[in-house]
Each structure stands twice: as C-alpha cells, then as structure tokens.
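What TrEMBL annotates here:
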type	residues	note
ACT_SITE	ASP93	active site, nucleophile
BINDING	TYR149	substrate binding site
COMPBIAS	206-217	compositional bias 'Polar residues'
DOMAIN	335-440	domain 'Pseudouridine synthase I TruA alpha/beta'
REGION	1-28	region 'Disordered'
REGION	196-217	region 'Disordered'
Amino acid sequence: MSSTTTTTSDDEEYEINPNSADTTTQRKRRYKRRKVAIFFAYCGVGYQGMQKNPGAKTIEGDLEEALYLSGAVPEVDRGNPKRFDWARSARTDKGVSAVGQVVSGRFYIDPPGLVDRLNSNLPSQIRIFGFKRVTSSFNAKKFCDRRRYVYLIPVFALDPSSHRDRESVLASLGSENELVKCLECSERGRKVAGVMGRRNSESKNVENGGNDASQSGLTSDNVITVLSHSETKIEPEVSSIDAVALSNFALAVDPCLVSSDNSAAAPHPEQADQVRVSLNKFSSSLQPKLGEEPKASWVENEQNLVRCGNGGGAAVKGRVFCYGEKEKERFNRILKHYEGTHNFHNFTTRTKVEDPSANRYIVSFDANKVVTVEGIDFVKCEVVGQSFMLHQIRKMVGLAVAVMRNCAPESLINIALQKDININVPTAPEVGLYLDECLFTSYNQKWKDSHEEISMEAYKEEAEDFKIQQIYTHISFTEQKEGVVALWLHSLNHRNYPDLRVGG
C-alpha cells in the first residue's frame, strides 16, 4: 500500500528509509500499523491537563507530536488523532499528574526502539514505560473499568487549629481553646519571603516553610528539629531572652498579630532588620557549645508536630497533633460517605443535577497510609471509581478536609449528594492529585488466553521511581515554596463558604 492511504487497518504499510551511509544500497522497508496500548507517566506542572486543547500546552499535544517525530504516526496523520484511533483512559485536569496513564491507537511500532525514540522526543516530566499489543477493537477509554487516583494531603491540613482564618483566631482569644496565630502566613494568606527558616538536604527545621510555625516545636522550653527518615533531633532549652527574640520575629512575620490588649500591633518599618538579627541570635543560641550535651525534656514521634505561640506573640507550649488511629478512623469514616452510586452534581462544574453523567460510582475511598516526603508528612487518600468528572476528586477531598477541621458538619456530605440541594463545595488544590492506575479487569479476563495483560505490573519499578522523583518531589517542593495547601486552608471558613453551615 502507499504511505498516503487513509485506512487504519492492521494491514496498512508505511515506507521507511533506514539510516544508511551508502545511499546507493539503501532500501525501503515496509512496516504495518499495530493496535497497541501505551503506558506512561507525567508530572502535570506547567500543563493545562491531559486532553489536547487548541492554544494550550497539554500532555496529549506533546505526546502526539512525539509519536510523529518518532515515526509511529505518518505525516499525513499528524495532528489528526482520529486517523489512528486515538483514545485515552482518563482525562486529568490542569496541573494534575499521572503514574499509570494509558492511551491506545494504531501505530508503527517498528523498527525496534520506539520507546527510546519517544522518550528522546519528550521532556523529562513525561516518561513512556512501554506498550503492549491489543485487540483491534481495544479502546483505552471504553475498556477501562476503573480508575484509581491518589491525593496527598499534608497531615497539618487535618488539624482543626492549623492555618485558621483571622476571625477564628480573634474569636478564640482568652478561651480554653485559643487558636494559634499562623506565623508563616499573613491574615490574607500570603507567605512572607526572606524571613522563613532555612533548609538543607539533610534536615528540615520546624520553622521552615513546609510546616506552619503553629505546628513547630519552637517553645520557651525547647525546640524540635524534625529530620527525614524518622529521626528526631533535640536542641537545648531556650532562654527567656531568646523567647523575646522569637516574639519579635513572629511580630515581624505577621504585622497583624494581636497584642495582649487585643489591639493590632504593627511594627516599625525598620524592625524587619532588627528581627533578622534577633532571629540569627535566636538560632545561634540553640546550638550546643563544644563538648556540651543537648538538654531535652522530652522527645516526640516524627508525626507529632508541636504547636506554639499565641495572639500576643508570647511563646507557649501547646498540644500535639498527629494522624493517629483516632484521627485515621474519623477521616476514613468521613470518606466512606462518598462510596457507592451518588449524584455528584455539587462536586463538579457545568454539570446539572438532571444530567445522567452526574451519577458516578465510587468503589472505595480510604486514607490509611502516611508518606513522608522531604520532611513533610502526607496522608495518602486513595479513591477508586468507574470514572470521575471535572474537579470531582478535589471537591470530595476539599469537603472532607473541611469536615475534619470542624468547619462543616459530617452530615453535610450526605446533604451535598442529594439531587434537590445546591451548595458551594470547596476545591482542594490540584498539586496533590495524581492518577495512580487505570484498570482493565474485564478485558484482561476475556482475552487472557490470546493477549498480554493490560496492567502496570511490568512497569511498577519504573513507575515508582518516576513517582518519587517527579511527582512526590514536586508536591513537597510546591508546598514548601508556595505553601499552597496552607494558604488554601485560610479560605475554609464560613465567610467564603457560607454553605458549610448547612446541616450543622
């Protein structure tokens, strides 16, 4: 057949000139299109989602171009996916990553080395693991039974006292449940650059941007520095002079800190430099002198984050929050409300309640594991469903976190799933979400005797490496640098979401 034919049958052939120094003996070889499923992963940062969209940078757009440049798609089919039966297993939103994405189509997989050619034409944040031959009728979207997504939410986000809004902090002053003023964010939720703690490759100081200072171990009694790999370092006791320095530091970080008489206490413009000097003095005083043993009154587990500081800027020792069995049991109970078939019209955008697509089936939703990445503890929320709508998972997580932080009653989840109720549900940031795997159980069962299993089993080691190096690192780095989740938590209040009061 000619290379210009428009058919997409398996018998279609394509003429390719192999590289040869001797052009006189160079001969053309003919290859056939093969229906295959391609397995790959990507980090979604900088992309406007998976699906190709004119004028937008998308994963699909880069992948299609790489298929052409690698010889898998001929010139005549370039930019026209219908001509090679293109199908994707899942559409991911802007900024969302994937570990086990699958696409299918009819491609020229010969000569050997297609995977290497594809990867050479793709950025490092997109990696092709391999491909498998499939039946001629296979469609990555239609034959995908279930999709499993993971959302990594920082442990501190589940603490009801962490990163609260200004109104809640002010209202708590003088009560038994006095909330801690967030030292890393202003009341408008903006991080203050240049005065946060420093971080190196081995340790993560608790005053660093990864965990808010209200969760740190900076107290008038001691300072805890949390290290990676489950280590804990105990520093010497802090003198009263250093406590004053810390108070000045806290005041400079947030000019709106409330003074002891409940009035706003704004520092002088030149105070920033003074505080930096105080902070350096404070940091230096914590280091043990040569030959001196560090003094410590107690040691906490790596997941126990000690909160300190109050509205007046005085350092006080507070309670400990961790994702223990009690917290795990409660959070899992909250997530279980989503399981089963429900109308999720309140958990997406542009989909009306009467639209059949609003009905979705959630197989399971749990949060049983904690992973530590670059010193930050994340709860691993895993959700398995047949399919998901735009922003659905992020909104499910958003409302679950609001309930966990006591911003909304648990009954609100069941109310939000009702057809005759319209409420505004908070949307968790996209950075913590990734597609973990696409499952093809029915196809594999039907064709197990004649075709390879469509699964990530053969690529699990490569996928795990990519997940750790690209996705997990990006999630942790973004939280440390920008405090995305920490800033989002400031919005979880009844001023921004009055519907969170419903059912209370």
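Glycine residues also receive a Cβ, built from the backbone N, Cα and C atoms like all the rest.
When other Cβ atoms within 10 Å of the Cβ of the residue listed as 'active site, nucleophile' are tallied across all protein chains shown, the result is 19. Calculated from their C-alpha atoms, the gap between the residue listed as 'active site, nucleophile' and TYR149 (substrate binding site) amounts to 12 Å. Listed in sequence order, GLU382, VAL383, VAL384, PHE388, ILE393, LEU433, TYR434, LEU435, ASP436 are the same-chain residues six or more apart from TYR149 (substrate binding site) with CB atoms under 8 A from its CB. Residue counts for the domain 'Pseudouridine synthase I TruA alpha/beta' (335-440) under DSSP, helix first, then strand, then coil, are 30 helix, 36 strand, 40 coil.
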